[in-house]
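Shown next, in structure tokens, is the structure this report addresses.
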């Protein structure tokens, strides 16, 4: 074996040991061939490209040594295992949904034909036209209803309070027309035509 020592250890010849050599291990490694990784900051201690830093107090390991993961801006947590949620304090309007993409938040408008904008807060022209038409139709319906009710009330006031019947003249005219139609003599039925046939006797 050309290099029996592991993990970048240095091999020294030593005739006093059975193997004939000894390994000078890097800091954090132990064992006859430096095969045991005792480091607090291992390659997999911090995830998602986080950098492990040994410190005095944060997260205590079994041997009392502590570490801190310096995470990239996209992740958080003790081991950088949690993805940063930028939508925590973002409120999308009009039923929009917030999404975190490439360290930036964005409101996804579920009805883009009606709303758009950073927070889905802006109405489209189509929605404005629709609302205007709805208000116009509602206004026309209200005016028609008010006029109808006013007409009925005015007619009742004239008839029962002031004893004025605005349609009395029309009723009388129709009644006279019916009486006149009844009083006309019925045409006499015409007598049937009689055909006279002469018969000659020889």
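Quick reminder: no glycine exception, Cβ is built from N, Cα and C everywhere.
Checking the ranges 137-162, 163-188 against TrEMBL, the transmembrane segment annotation falls on 137-162. Spatially close to residue 80 (disulfide bond) yet at least six residues away along the chain are 46, 47, 48, 49, 50, 69, 71, 72, judged by Cβ distances under 8 angstroms. Sequence-distant contacts of the domain 'EGF-like' (37-81) (same chain, at least 6 residues past either end, Cβ-Cβ under 8 Å): 7, 27-30, 103. Annotation for residue 34 (disulfide bond): spatial neighbours 5, 6, 7, 9, 23, 25, 26, criterion Cβ-Cβ under 8 Å with sequence separation of six or more.
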